[in-house]
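Structure record follows, encoded as structure tokens.
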Amino acid sequence: MERKSNLSLLLLLLVLGMPLVRGSSPLPLVVNTWPFKNATEAAWWTLLSGGSALDAVENGCAVCEKEQCDGTVGFGGSPDEGGETTLDAMIMDGTAMDVGAVGGLRRIKNAIGVARRVLEHTTHTLLVGDSATKFAESMGFTNEDLSTKTSRDLHSDWLSRNCQPNYWRNVIPDPSKYCGPYKPSGFLKQSISPHKEEVDIHSHDTIGMVVIHKTGHTAAGTSTNGIKFKIPGRVGDSPIPGAGAYADDTAGAAAATGDGDTLLRFLPSYQAVEYMRGGDDPAIACQKVILRIQKYYPNFFGAVICASVNGSYGAACNKLPTFTQFSFMVSNSLHNEPTEKKVDCI
């Protein structure tokens with residue numbers, strides 16, 4: 001019955017003209033969100049050099065942290081309301097079902113490296129804030145300022161625009177007109193839809209990466225500096241297992257990118273892997289995840305990448321006026337170099 005249901009969905013998507021971008025190849029396989037080619041290349045060469053799936057994810061994400069991919073990964077981007085850049089990252093071992101993650105990491109540039117140390121040197125899953133920084137220092141990471149002229153200028157400009165946009169509601173003074181500090185307004189007004197400015201696809205460009213090793217071992221990971229002008233302490237989907245990324249050797253791996261506050265509520269990466277476990281092609285699994293979120297948040301910004309343990313892969317995204325196509329990178333034995341793929345949003 002499940003197979004019949006999957007076939008029916010596939011036929012429906014084709015009839016409606018919904019695009020399917022899918023592929024397959026002999027293992028190994030690297031897939032990551034956005035056209036971050038250097039990250040893909042680093043992960044791929046790690047595999048060719050004998051590294052593990054975890055090594056590939058860590059090295060790939062670390063490249064984006066160093067290169068400050070699109071200003072939304074690594075230091076010097078997405079300042080919070082106080083002007084500080086903080087980092088979120090996670091890495092997951094789909095063989096042992098083990099995870100290491102950091103949220104709101106301060107003053108440490110290599111967030112994915114710290115997440116790997118959480119996985120390898122603790123029995124915890126997630127460390128946050130100043131305590132995560134202390135842990136990182138104990139592991140040999142350097143404490144240094146994550147702000148740059150670019151992030152300071154972004155923050156100054158935001159203040160000059162009366163702190164617009166921001167993420168407050170039901171407070172005084174009116175957050176749509178004034179900066180804080182804020183306090184509760186005394187009454188709650190239920191929003192019909194979440195506060196959204198015109199979507200800037202460069203405000204949520206988490207790198208999410210999935211790797212299928214030639215042995216079939218899987219790994220997944222993410223790294224991001226979050227959203228611009230977030231309320232200090234905010235953590236999105238990226239460092240949360242099942243939300244930002246997920247991997248399981250018995251099915252596959254997936255990662256998400258976009259509006260983390262919305263994505264976090266649906267565990268899209270876990271859901272995609274479970275769809276693949278049930279027999280769905282990765283492209284179909286990704287689309288089913290997007291369609292599921294659409295029911296509640298039709299205007300959400302997000303995309304998902306999926307890869308099965310047999311080397312098949314796919315992606316899907318939610319269509320908006322300013323976001324109609326999603327680019328992602330693939331590296332496998334069929335290509336001499338990382339290849340950019342595009343999928344039309346649904």
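These residue numbers are counts, starting from 1, taken along the chain as shown.
Here the Cβ of each residue, glycine as well, is placed from N, Cα and C on the backbone.
Candidates Asn6, Asn38 were compared with Swiss-Prot; the annotation N-linked glycosylation site appears at Asn38.
Ranking the disulfide-bonded residues Cys69, Cys179, Cys345 by C-beta neighbours within 10 Å puts Cys69 at the top. Inclusion criterion for the recorded positions Val235, Gly258, Asn310, Cys317: a C-alpha placed within 10 angstroms of the C-alpha of Thr206 (active site, nucleophile); this criterion is met by Gly258. Comparing the Cα of Gly258 (substrate binding site) with the Cα of every entry in Asn38, Cys64, Asn310, these being the recorded positions, the smallest distance points to Cys64.
In the shown protein chains, 28 other C-beta atoms lie within 10 A of the C-beta of Cys317 (disulfide bond).
Sequence-distant neighbours of Cys163 (disulfide bond) (same chain, 6+ apart, CB under 8 A from its CB) are Glu81, Pro175, Tyr178, Cys179, Gly180, Phe229.
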